[in-house]
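Novice: According to TrEMBL, the domain 'Acyl-CoA dehydrogenase/oxidase N-terminal' annotation covers 52-154. Positions annotated as domain 'Acyl-CoA oxidase/dehydrogenase middle' by TrEMBL: 162-252. The annotation domain 'Acyl-CoA dehydrogenase/oxidase C-terminal' is assigned in TrEMBL to 273-411.
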Amino acid sequence: MSSLRLNLICRHLGQNTTDQFSKSNLKTPYVQDPIDFLHLDELLPADLNNKRKQLRAALEANIAPHVSEWYDKAQFPAGLAEKLRPLNIFGITEEKYGCRKVCPLEKSLAIYELARIDASLATFYALTLSLVAFTIEKLGSEEQKAKYLPKLCNLDIIASWGLTEPDYGSDASSLETTATPVKGGYILNGVKRWLGNAIISDIMIIFARNTVTQNIEGFIMDSKAKGVSVTNINRKLALRIVQNGNVFMKDVFIPENERLEKGHTFATGANVVLEHSRMNLSWMVAGLIAGTYEHAVKYIRERTQFRAPLAAFQLNQEKLVRILAIYQAVFLMSWRTTMLLVKGQGNVAQASLVKGWCSYMGREATRLGREVMGGNGIIIDNYAMKALVDMEVVYTYEGTYDVNALVAGRAATGVAAFKAGYKA
Ligand SMILES: Cc1cc2nc3c(=O)[nH]c(=O)nc-3n(C[C@H](O)[C@H](O)[C@H](O)COP(=O)(O)OP(=O)(O)OC[C@H]3O[C@@H](n4cnc5c(N)ncnc54)[C@H](O)[C@@H]3O)c2cc1C
């Protein structure tokens, strides 16, 4: 091969045939959008794509500059609701009760864009809409919907969703919090763990076992009700802006009209909500990978080692391309899952397969992003380490990777493999 031809090929690949790398060889990347290699954005309707671009601009202008400080201080900042409200992203599945309609794809893209800035914010949004508002919309009475949904969508109240307990995480359907029927309502006793927003919430959805039917039912509990106490889970090393707490309930009276009207078993209540919420969570992974990739590619183009930008080294390019490839797969799977949800064809096994696998691969993508940034990759402002630890939670909450794999595995084989052949 002639040296002229070799030089041309090397220039095209961004490499240099001489010892010293010339900065002029660092061309503008060929792709239009740094991460949208396969033009996947074209799969999105134009109106939603435009709305998404506006959301991105607003988040970058008003929220992103503060995130490192909030994360560092592990603070849910006062006034965040005022910053989030103008984004106009809160709503329910139909235009009703004074709330705007947010379709599944719009919600997914909002989760993506928030996570691209910070996964705690995306978690706050998903918790409010996919867990709390959806629970009330799907399982609540007309009176409960009219009372709570407008306040939730306008962020006039903040809410928690409580299924997990100290002794029951993956095995949530074995929970021990009790709801004892009494005249005019129920008495709740028990402990919940990990509830997002717990110390700042006005209301909590609590799932408890009815002592008469032994079924698991949902209740809307006033966080200030007599007998409720909350402790924050401090020293948390991930999702540091979201405040997670333990909730202790000692003889808490819940009036009959605050018991959720529908879904009086685990399968028809809490699990229906979890399945719905899980359909969106891989978008959080896509957002985390996008944020990681954008920071990583900028960094390795700017930083020089061995007299060449880090971007000029084959190993770094391979790692970057691995992130890119994972992103394309995560985006496509997320998009397809949301489309199935829109068509009313989505099922629990699909949601588990996609949420589980995407978070599994998301771990690799964020780790690689951190890796190519070297030591600076662990600084909060450089995003990747924050994304990496936040990805650990996405991998764990709303069903760990393992449990989601077992849900998909059950569908694939017809055999449930959740229970170990072990007797204490
Ligand atoms: C930051 C954060 C926020 C959260 N927010 C909320 C919230 O708002 N509301 C709420 O109700 N909950 C919340 N959770 C709880 C979350 O859903 C649980 O952590 C999750 O379900 C896992 O339960 P666990 O932590 O008790 O782990 P465990 O169930 O104890 O599991 C530990 C390990 O064992 C594995 N394992 C368990 N069972 C099996 C099995 N059958 N087969 C194979 N492996 C298995 C798991 O995959 C995991 O690796 C939150 C958790 C975190 C960390």
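Glycine residues also receive a Cβ, built from the backbone N, Cα and C atoms like all the rest.
Looking at the shown structure, can you explain where the listed features end up?
Specialist: In the predicted model, the domain 'Acyl-CoA oxidase/dehydrogenase middle' (162-252) shows an average pLDDT of 98.
When the domain 'Acyl-CoA dehydrogenase/oxidase C-terminal' (273-411) is classified with DSSP, helix, strand and coil residues number 119 helix, 4 strand, 16 coil.
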Novice: Looking only at the domain 'Acyl-CoA oxidase/dehydrogenase middle' (162-252), what are its DSSP counts of helix, strand and coil residues?
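Specialist: Split into helix, strand and coil, the domain 'Acyl-CoA oxidase/dehydrogenase middle' (162-252) gives 6 helix, 49 strand, 36 coil.
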Novice: Per DSSP, what is the helix/strand/coil residue tally across the domain 'Acyl-CoA dehydrogenase/oxidase N-terminal' (52-154)?
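Specialist: Counts, helix then strand then coil: 75 helix, 4 strand, 24 coil.
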